[in-house]
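According to Swiss-Prot:
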type     : residues                                                                                          : note
REGION   : 1-226                                                                                             : region 'Pyrophosphorylase'
BINDING  : 8-11, Lys22, Gln73, 78-79, 99-101, Gly136, Glu151, Asn166, Asn224, Arg330, Lys348, Tyr363, Asn374 : UDP-N-acetyl-alpha-D-glucosamine binding site
BINDING  : Asp101, Asn224                                                                                    : Mg(2+) binding site
REGION   : 227-247                                                                                           : region 'Linker'
REGION   : 248-455                                                                                           : region 'N-acetyltransferase'
ACT_SITE : His360                                                                                            : active site, proton acceptor
BINDING  : Ala377, Asn383, Tyr384, Ser402, Ala420, Arg437                                                    : acetyl-CoA binding site
Amino acid sequence: MGLSVVILAAGKGSRMNSNKPKVLQTLAAKTLIEHVVSSVEKLNPDNIVVVTGHLKEQVEDALQGRNITFVYQQQQLGTGHAVLQALPYLKEQKVLILYGDVPLISTEVLENLVDTTNDDDLGVLTAFVENPQGLGRIVRDKFGAVTEIVEEKDANDIQRQIKEINTGIYCVHKNLLQKWLPEIKANNVQKEYYLTDIITFAKADHVSINVTHPINEFEILGVNDRTQLASLERVWQRNVAEKIMAKGVSIADPNRFDVRGNLDVGKDCWIDINVIIKGNVKLGNNVVIGANCILKNCIIEDNVRIKSNSMVDGSIIREGAIVGPFARVRPECDVKEGAVIGNFVEAKKTILGKGSKASHLTYLGDSEIGANCNIGAGVITCNYDGVNKHKTVIGDYAFIGSDSQLIAPVNIGQGATVGAGSTIVKDVPADNLVISRARQRHIDTWQRSVKKTDK
């Protein structure tokens, strides 16, 4: 059974007060239309047609690389007119029609609509809502059959009391669209060609109208302004949080937790408030994430503690390691088992060996640090000469004293000790003590300068 999909994305979205089309506003770090496209792609349709209008180039760029046909609606003359523009690009099969600004629609709901609609039926997705203001109402006859869809602007007082609304999502064979779309008239307040008129044509042609409903009301909610966008963001995040908690993870406050990508979790993890997940993140078992942390494209293994106000990006934190508080782990780091990246430590493209510690106020860049090393406070690996980056290698069991600078490229041998306050420019052999600082002098005849005072 073949399927074509039409996504309507021509609207400007004036209430967004934005320089980009409404469908390119973001929810959970993805554009609204990307959410919709992702849902319909799982249906494996033969083709997807996106009808563009306002700033069409931006929409096409956002969906670049996907198997989509773009059709330009030069004049925004309504939903019926928009689908008419797509008609020549559709195959002789069922057509699923939906909107690019309804981001939470699920594949399951769409699949149910498609599967229950026969080739000679009209499938309509409707929903019952508490506040139908601004939405088209489903009008039924005394037998309960759908007779028409009335837009709010055209509805009378009785029709405005109806709670069942049109979601704007339909499934209908192309043959029926070819017959009905040219018959739509713009005889309404807006002077637009409403796709909803196909309900009337279906009744006149004795076409069966198949009505299905969404699993959750939020799935059919559209976005017209930034307030609605923020509301749907919280709905999305709450839904994600509940799925994560069902897998055995405790979240301190689901209302203060954001996933802007994909999170794979183990069991018995604890996630504190204001944690943000970006890209693809994997948590092992018994992981603790402190407040205000940001995790992006990283792997966190079992029994790791990420303390508050820390960032981990593009790196792997091995079992039992500790990061933070106030630490930043930049891309291409490998923090080995039991290692510590402490408070106000920044690491970039660095291997920190098993059991090694950089507990505070340190920069580790382009470094390879062995096991069981101690990196003192204020240590800096000076990796950049203004043109190129250079590597610092520190052997197992080395001790780097506080406030030392390691001028790369440089090697510190296994078991070597660097005295505090040293600037190291040459390799240090294994088990050596190296001190590079001025000798301390005492001058007992020195007098401090005294400021002149007004007489």
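In case you wondered, yes, glycine gets a Cβ from its N, Cα and C as well.
Everything Swiss-Prot records as a feature, shown here on the structure.
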{"residue": "Leu8", "record": "UDP-N-acetyl-alpha-D-glucosamine binding site", "Cβ contacts under 8 Å, 6 or more apart": "Val51, Thr79, Ala82, Val83, Ile97, Leu98, Tyr99, Gly100"}
{"residue": "Glu151", "record": "UDP-N-acetyl-alpha-D-glucosamine binding site", "Cβ contacts under 8 Å, 6 or more apart": "Gly136, Asn188, Gln190, Tyr194, Thr196"}
{"residue": "Asn224", "record": "Mg(2+) binding site", "Cβ contacts under 8 Å, 6 or more apart": "Gly13, Arg15, Met16, Lys22, Asp101"}
{"residue": "His360", "record": "active site, proton acceptor", "Cβ contacts under 8 Å, 6 or more apart": "Gly342, Asn343, Phe344, Val345, Ala377"}
{"residue": "Asn374", "record": "UDP-N-acetyl-alpha-D-glucosamine binding site", "Cβ contacts under 8 Å, 6 or more apart": "Ser356, Lys357, Ala398, Phe399, Ile400"}
{"residue": "Asn383", "record": "acetyl-CoA binding site", "Cβ contacts under 8 Å, 6 or more apart": "Gly365, Asp366, Ser367, Lys389, His390, Lys391, Thr392, Ala408"}
{"residue": "Tyr384", "record": "acetyl-CoA binding site", "Cβ contacts under 8 Å, 6 or more apart": "Gly365, His390"}
{"residue": "Arg437", "record": "acetyl-CoA binding site", "Cβ contacts under 8 Å, 6 or more apart": "Gly419, Gly421, Ser422, Thr423"}
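Applying an 8 A CB threshold to same-chain residues 6+ apart, the list for Ala420 (acetyl-CoA binding site) reads Gly376, Gly401, Ser402, Asp403, Ser404. Distant neighbours of the region 'Linker' (227-247): 16, 25, 27-28, 103-104, 218, 221, 254-255, 257-259, 263, 265, 267; these residues of the same chain sit at least 6 beyond its ends, with a Cβ under 8 Å from one of its Cβ atoms.
Largest Cα to Cα distance within the recorded acetyl-CoA binders Ala377, Asn383, Tyr384, Ser402, Ala420, Arg437: about 22 Å as a whole number. In this model, the region 'Pyrophosphorylase' (1-226) carries an average pLDDT of 94. Note: Gly78 (UDP-N-acetyl-alpha-D-glucosamine binding site) has non-local neighbours Ala186, Gln190, Glu192, Tyr193, Tyr194, Leu195, i.e. same-chain residues 6+ apart with C-beta under 8 A of its own C-beta. Asp101 (Mg(2+) binding site) is surrounded by 27 other CB atoms, counting those within 10 A of its CB over all protein chains shown. Applying an 8 A CB threshold to same-chain residues 6+ apart, the list for Gly11 (UDP-N-acetyl-alpha-D-glucosamine binding site) reads Pro21, Lys22, Val23, Gly53, His54, Gln76, Asp101. Residues near Arg330 (UDP-N-acetyl-alpha-D-glucosamine binding site) in space but far in sequence (CB under 8 A, at least 6 apart, same chain), listed by position: Asp313, Gly314, Ser315, Glu346, Ala347, Lys348, Lys349.
Across the range of the region 'Linker' (227-247), the DSSP-based residue counts are 20 helix, 0 strand, 1 coil. In terms of local Cβ density within 10 Å, Gly100 ranks first among the binding-site residues Gly100, Ala377, Ser402.
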